[in-house]
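Visitor: For reference, the structure I am asking about is given below.
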Amino acid sequence: MFSIFSPPLLSPSLSFLLPLFYLPVLSLSSPLLFFILYILSFSTDKCDEALASPLPHTAFTSSSVFSNGYAPGYAKLNRRGGAGGWSPLDSDHYQWLQVDLGSRKQVSAIATQGRYSSSDWTTRYRLLYSDTGRNWKPYHQDGNIWAFSGNSNSESAVRHELQQGIVARFLRLVPLDWSEEGRIGLRIEVYGCSYWADVINFDGQGVISYRFKVKKMKIIKDVIALRFKTSESEGVILHGEGQQGDYITLELRKAKLLLQINLGSNQYGSILGHTSVTTGSLLDDNHWHSVVIERYRRNVNFTLDRHTQHFRTNGEFDHLDLDYELSFGGMPYSGKPVGGGRKNFKGCMESINYNGDNITDLARRKKLDTSSFRNLSFSCVETHTFPVFFNATSFLQLPGRANHNTVSVGFQFRTWNPDGLLLFSNLDDGTLEISLEDGKIVVHINVTKVTRNSRVDLSSGSGLNDGQWHAIRLVAKENFAMLTIDGEEASAVRSTSPLVITTGGTYHLGGYFLQTLFPPSQHSFQGCMQAILVDDQPADLHAVERGTIGAFENVSLDMCAIIDRCMPNHCEHGGRCKQTWDSFSCSCDGTGYTGATCHTSIYEPSCEAYKHLGRSSDTYWIDPDGSGPLGPFKVNCNMTEDNVWTTVMNNLPPKTTVTGSSRERRTVLQVNYSASMDQVTAITTSAEYCEQQIAYSCRMSRLLNTPDGTPYTWWVGRGSEKHFYWGGSGPGIQKCACGIDRNCTDPKYDCNCDADHKQWREDSGLLIYKEHLPVSQVAVGDTNRPGSEAKLTVGPNAYVMWNNYWNAASFTTPSSYLHFATFQGETSADISFYFKTSAPYGVFLENLGNTDFIRLELKSPRVVSFSFDVGNGPVELTVNSATPLNDDQWHRIIAERNVKEAVLQLDQAYRASQLAPAQGHTRLELFSQLYVGAAGGQRGFLGCIRALRMNGITLDLEERAKVTPGVKPGCQGHCTSYGMYCRNGGKCVEKYNGYLCDCNATAYDGPFCTRDVGGFFEAGTLIKYNLGHEAVAGASKSARLVTYQLTPQEVNLTKEELAFSFSTSNAPAVLMYVSSKTQDYLAVVLRQNGSLQVRYNLGGLREPFAIDVDQRNLANGQPHSINMSRVERSITIQLDHYPPVSYTLPDASDTQLNLVKTLFLGKVFETGHVDPVVIERYNTPGFVGCLSRVQFNGVAPLKSALRTPAAAWPVSYQGKLLESNCGASPLTIPPMSAATDPWHLDNTDAEFPFNEERVIPDGVNRDSAIIGGIIAVVIFTILCTLVFLIRYMFRHKGTYHTNEAKGSGESAGESADTAIIGTDNPETIDESKKEWFI
């Protein structure tokens, strides 16, 4: 039975991978090359020797022995000596088996067995290791103290390859669980190989100086490798600097490793080369840590304990210029003064290598300057600390002096928890408590006397739960107490309150669980302590370990098992990691990401995605690579009917003036965008089409110097390459747009500006070669002559990006699938896609490893499953839909798995999640290809999958489907899921890459037919629409049966549907008029008082049937909407947002609108019968205002007039008609009725409200105002009389005559109406016309 992990460290002295970018710079004589070849040759030897079996019995020790035959010396794999293995006296969690390998070895694997032919075995255990047999370190894996799975019987061996190879002399196995039938039993084998390295002990004073062969070194590449261990949190490990300001420093700072490097800055400050990178934590644990720094030019790999950070140094320089020497262990004594109070390194280093030179070996052979050492030692001097590790159920009881009048205690602690009990003691007459509360040290001393009680509270420090070692010292005696943190006497907290203390003689550290009269505020502590002083005496923890003094429970002695769960930081995209002793959490505020590890973007990947969420044109945040490294950024999304345009703005003002430039000294204009260049590049690369407008306005300023000269001006694109073509041209063609179109001002040149005219000229056009976009710089070079000037405009970048969103594949057979490269999602993985199917089940995708796997599947018509295994056993999440998912509609799946949790989401409505185990594997290790559409040919998926994104990368399903049998690129049927977005009667039309809304038959525009089409009418403007057979949608059944006998225009209507919005301040007016070849008509008018009236004349009545829809004045400049329908006699009208009102035609009225002819908007201009009331009362001067979203029985006359050429059948217009968006929305606040409006004016005795702004002061022009008023009234009366007389003389019922254009008779096939509109002077009106326009 075997469990295989990654291979261990292969080199005893150094382990790193040389990046490919080093290979070109290595010569055969390079020491670095020989060093690398040595390492590679060493690593080829298999490190798998049996290390424990050859050892003598004395190399094995244990916590206890059941009897002589169960001694630890018998615990060798496959041996049967003694009782067949080791068993302790008691089977509990305090037992351990230890082996001394004799010297430091490299350990790669471990195997265990139970005791031979027994019921004794160990099912789970931990592995500790040490160089000295003290200060143990638990084996870590996947960010946890690892628990190995053991045996299930006494005979079979279970071997584990160590994912993180270790170097140690002593190993200790601690059983955690054992056989239920028996007791703890163990036989072991350790696998590895010998290890040797040169070691140097640094005492905090000495420094090793590695001097270069030449005084100044100009270094383009570096490889620095070393291992160190220390109990200090501060110290310089290496340093080098140059006189030009270059430097490299590696140092410990707060137990973290800080690398600072500067390849050069300039004196003006425009180039800043300083780069600082931090990695690791808790590095003062006195255990070995390996460091590798690899640099080539500005590219750096910084590796600590196999965790690598890749970064580029700041600035523009590639070489590290160092003078004279590189120092190890501290700052050099010679050179510039040391600043910042930096300490030298105190601890041990081994295997120091710099560019192939073994520094430790050179120091041993006295080839380097080590004169600063007082006593240079090539062995590691160990510290004598004895840490104690506490968990939530631990305590350590230590004896102290009883009946003494002074308390003096001290200790060091480290923890991540903000709260915990550090020390508690029952005094002879009270209690003493030292606790950690919200990261501060709090001391409570309670003394209870018969005469009086006294209490002293002290508090000091902040943020002490930072994982660092902090020292506590408390002294309390009569009328005095002092608390000191980290030895800072100046900031110590003192109390002189009355106090008398008598000690109790016993101290509990890390926990107190007994009953007491005054219990502590905290009861437990999770963390480590060391350097414990009780009553001024160091605690003898070795005696505690032997059981001779004190007591403890669930404490790990001589070990600090603290883990920094935020290193490496699993919080992605700048999320802030917060941790306690047991777990960590991520704060994603302000990052643009969400989830347990800030992995998932909260923004859509493109404007196309926003469009299909029903969003309109606006500014949005997008995240093109989703969970990838690029952050979100703002773009402008323009949703058109055909495409969605993504626009990225830049900061260059339009027509930026450029003067004083020449070929020798060009003016370079930098174009910066609202997104970084990496972000712009991401959307440019994935875009289907890109364009960018560029314009050069010139006066005596040449541009490209065509036809054959060297260009004066060029632009720089994405790849930092110069381009010598201009907008409207293409790569390799040194021309402008006019040169391509052959219409330049001067045909001798290919650019207008190259003619060098004194008048202003311009060369502009679109740059569309997306591999060159966006424009990042423009260099202008001909504006230094007298009178020479240029103005440059670089427009925003515009993209069409539908490809990723609609990238789809159709799976037509159950055995068909697509395959891609192995999915790389070791610690975090997200998968999202859309699917639609009519099949009841099918596997969407699957990727396999040895035992690990990941799979997404439709398990049944209502159940989607997300399953995976990262080594802890299979995990499955399912969501259940309330409706079947095999409905041939698009559904969206989002799945995410990280070190904290797994989440499955369906259609943003159903969600399932499961927390990851606190202890266990976290890395998903896959090796097979990724299969999309099947799982090994079983339960194949039938249907469509599109927009498949995995960790922010969109898989090109269409391209792979083109060469895969049984899979077709693309997918039809988008309208079944997205047709609902087409509003107001818009028709969903399938496209290969999606769908579009056809708004042609509606009164609306826009991508979803939601944008009102409106027009502004001036006085006299009218629209005329020849209804013809378009109105047949409302024709009667009998009329449809005989339609073939009539001309296309002879239609009878039994129902009408009309809707429109309007806004105006003028009344009366004709809003809509539908005429016929008979006397039938339909009219919607505003009367003189602004109220709305609908007039029907269908025959059978002596007077038209009039409906007064509302008595309010609707000519108030506000938008109003009307929706009206008629079916036979039933009429329904809705005004604005008020409830619909029903009306009924009288029984005597006909129900057919016979032979409909023409629809008019704004004014009636008809040659047939027209209602004289409409003409006389409402038609003059015509509607002035806005009409929008006009629709009548399926036709949109206003939209047709605005969208079709003038005089194009069936629509035409007269006068000035401007497209406008006014009148698009009805009132949202109802106007007040006359009964409730306090400002309503009656017809009699009306007085206007008082207006302070128009008051005339007393005595000023009062008489003049009165006289002027009288004259105005007289003139108004005379005019009214004249108008009445004129109308009386010329009133006429029936038809009226117009001028007709020549040849416009019936034989020409045109109606008289068309001839009127088409005449050259349509405003010439014959004197015989009986309507006058006033």
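Cβ coordinates are placed from backbone N, Cα and C, and glycine is handled just like the others.
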Visitor: Based on what TrEMBL records, which one of C971, C975 is disulphide-bonded to C944?
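Guide: When TrEMBL is consulted, C944 turns out to be bridged to C971.
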Visitor: Counting all other Cβ atoms within 10 Å across every protein chain shown, which of the disulfide-bonded residues C944, C971 scores highest?
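Guide: Answer returned by the neighbour count: C971.
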Visitor: Below 8 Å between Cβ atoms, which of the listed ranges 47-193, 199-380, 807-971 makes the most pairs with the domain 'EGF-like' (562-599)?
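Guide: Looking only at 47-193, 199-380, 807-971, the most contacts with the domain 'EGF-like' (562-599) come from 807-971.
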Visitor: If you average pLDDT over the domain 'F5/8 type C' (47-193), what do you get?
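Guide: Mean pLDDT across the domain 'F5/8 type C' (47-193) comes out at 94.
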Visitor: Using DSSP, how many residues in the domain 'EGF-like' (972-1010) fall into helix, strand and coil?
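Guide: Reading the DSSP string over the domain 'EGF-like' (972-1010) gives 7 helix, 12 strand, 20 coil.
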